[in-house]
Amino acid sequence: EAGEECDCGAPANPCCDAATCKLRPGAQCAEGLCCDQCRFIKKGKICRRARGDNPDDRCTGQSADCPRNGYYG
């Protein structure tokens, strides 16, 4: 939702302040295929295996999202 940095519906998430829906200090992310322990996964790490003719999708190192079609900057 607007203004939220993370999903405050899960108070057990150590990356997200459930009261404010903001990332905790030092956290880069709270969830996503390219987020691990509140930090972005390094650039080039496979986050989704190839299917058919499509290449593996890889983390960018700058986002918690896993981009489509293997583009990682």
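Glycine residues also receive a Cβ, built from the backbone N, Cα and C atoms like all the rest.
Positions annotated as domain 'Disintegrin' by Swiss-Prot, on the basis of sequence analysis: 1-73.
Reduced to three states, the DSSP call for Cys6 (disulfide bond) is coil. For Cys6 (disulfide bond), the number of other Cβ atoms no farther than 10 Å from its own Cβ, over all displayed protein chains, is 22. According to Swiss-Prot, the disulfide bond annotation covers Cys6-Cys21 (among others).
According to Swiss-Prot, the feature disulfide bond maps to Cys8-Cys16 (among others), an assignment based on similarity to another entry. For the recorded site, Cys16 (disulfide bond), the DSSP three-state label reads strand.
The annotation disulfide bond is assigned in Swiss-Prot to Cys15-Cys38 (among others) on the grounds of similarity to another entry. For Cys15 (disulfide bond), the same-chain residues lying six or more positions away in sequence with a CB closer than 8 A to its CB are Cys6, Leu23, Arg24, Ala27, Cys29, Ala30, Glu31, Cys35, Cys38.
Look at Cys29 (disulfide bond): DSSP puts it in coil. Residues annotated as disulfide bond in Swiss-Prot: Cys29-Cys35 (among others).
The Cβ of Cys34 (disulfide bond) lies under 8 Å from the Cβ of Phe40, Ile41, Lys45, Cys47, Cys59, Thr60, Gly61, Ser63, Ala64, Asp65, Cys66, each on the same chain and at least six residues away in sequence. Taken from Swiss-Prot, the feature disulfide bond covers Cys34-Cys59 (among others).
Residue density at Cys47 (disulfide bond): 19 other Cβ atoms are found within 10 A of its Cβ, drawing on all protein chains shown. Taken from Swiss-Prot, the feature disulfide bond applies to Cys47-Cys66 (among others), supported by similarity to another entry.
Swiss-Prot lists 51-73 with the feature region 'Disordered'.
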Task = List the helix, strand and coil residue totals of the domain 'Disintegrin' (1-73) as derived from DSSP.
result = 0 helix, 13 strand, 60 coil
